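Below is one structure, written out as structure tokens; comments come after it.
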Amino acid sequence: MYVLSESKPQKKKKKKNNNMLVIAALIVFTLSVNLSNAQDQQFPRQLIQYQQGFSPELSPRSSSFSGSQRCVVEQYERIECGEPDITPAECEDISCCYDAQGCYYARAVTLQCTRDGQFVLVVARDATMPHISLDSIHMLDNDTNDHCAPVGSTGSFAMYQFTVSSCGTRMKEENGFVIYENMMSSVYEVAVGPRGSILRDSSYELKFQCRYSGSTVEALVTEVNTVPPPPPVSQNGSLRVELRLSNGQCTTKGCSDEDMYTSYYSEADYPVTRALREPVYVEVRILERTDPNLILVLDHCWATSNPEPTSQPQWDLLLNGCPFKDDHYQTTMLAVGHSELQYPSHYKRFVVKMFTFVDQSSLVPLEERIFIHCTTSVCPPSITESCEPSCGSTTRKSISKDSEEMIVVSSGEVILVTHSPVCEANLAKEVPQILDYGLWAAGALTVFGVCGIVVAVLIQGPKPRPQPAPV
């Protein structure tokens, strides 16, 4: 049997026997591939025409065919690769072939990792010589729901698509990456006789990985072979995280903060308005990921007076995942209900009491608006380390994060509004404008209270003295 790779052909020969028994076994070949492009690579939005929504991050080249040989695929056997309007350069970047009819998969084994946490594996029967039996391919654990069965096939290709949490995929953390690993195997028949055994089928065992972090997505394919693997290459992808503000309203008696997260402001709704000390309901969530084992971590959340996260002044809301202790109106962390969301560990929610920034020396408000920012990361579950901060203890637990580089997400503009106090125009010359505009109303009530007492005394007038009784 020959394997199409850069190694020397390997053959297995056994003596023939008329009384042969057929058993199943697995044979291993090895090849390591880890491909990538630059961080600014424009990824295709789709892999195949009838499978919408793919965003491939990597497309390893695992075949040793020459450029012309690997693209010799009959028209009726082809599986389309990429969108209909994909360019030749984009097609080549994802290891596919291009001609006048469009972009299609080559005679190879191609692995692609998507942003929403899925494997896409396309296997050509020409991956081995003799040809591999596509019907015999299986993953580590073929579940009973056919999630691990091919999503498309021709006589020359089989395409598999499944989430990184299914089909027996194993997860681990290594060097700042969350790694998902599975293995594809084919079965071959061994004919066993009294003095030897033979086989005539090709076999294949392929280890493949998708590596995710806050800034990159990488893939690794390992076929067992006798030659050193080609040098690995890496490619950058992205983990999408969103910060949004809730506009839920309390419409029923006894509603809680958790009930506020029923609707959210859209981009067209900004800037939104809040009065001092009014709650601002914040939610941070992971987008396009379906792995229930991932846990979103908020390391640092803060507010600024303009959209730039690094601008000054700043006010801390969360430090090391815990409310800032020097805030008299501390940020409140809210539990995320398990019944309302499919992946509750992908969400974090907290409530901030509205405020405005002031000048450090004059204590005069600088700008009556704030922007909220958070640094986020993804934490894989671990037996030895916790993904949740221990805010009540003096020594806080360390949190196992999957990437040293964390993602910063920001909110839209939140503008401070005030409720105008009585006689505000008259009092403005006497009462300085300070952080809590509620004192304006308190001053007004005091003035009117004193005025009322004076007026009451004047109206009542002095009491007449009692006249002496006549003698």
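Glycine too: its Cβ is placed from the backbone N, Cα and C atoms.
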Statement: If you consult TrEMBL, the disulfide counterpart of Cys71 among Cys81, Cys91, Cys96, Cys97 turns out to be Cys97
Message: Need the cross-check against TrEMBL: the disulphide partner of Cys96, picked from Cys81, Cys113.
response: Cys81
Whole-number Å value for how far Cys81 (disulfide bond) lies from Cys97 (disulfide bond) (Cα to Cα): 8
Message: If I take the alpha carbons of Cys81 (disulfide bond) and Cys71 (disulfide bond), what is the distance between them in whole Å?
response: 13
Pairwise Cα distance for Cys96 (disulfide bond)/Cys71 (disulfide bond) [Å, integer]: 8
- line: With neighbours defined as other CB atoms within 10 A, the best-packed of the disulfide-bonded residues Cys71, Cys81 is Cys81
Query: Which residue counts does DSSP yield for the domain 'P-type' (69-107) in the helix, strand and coil classes, in that order?
result: 9 helix, 9 strand, 21 coil
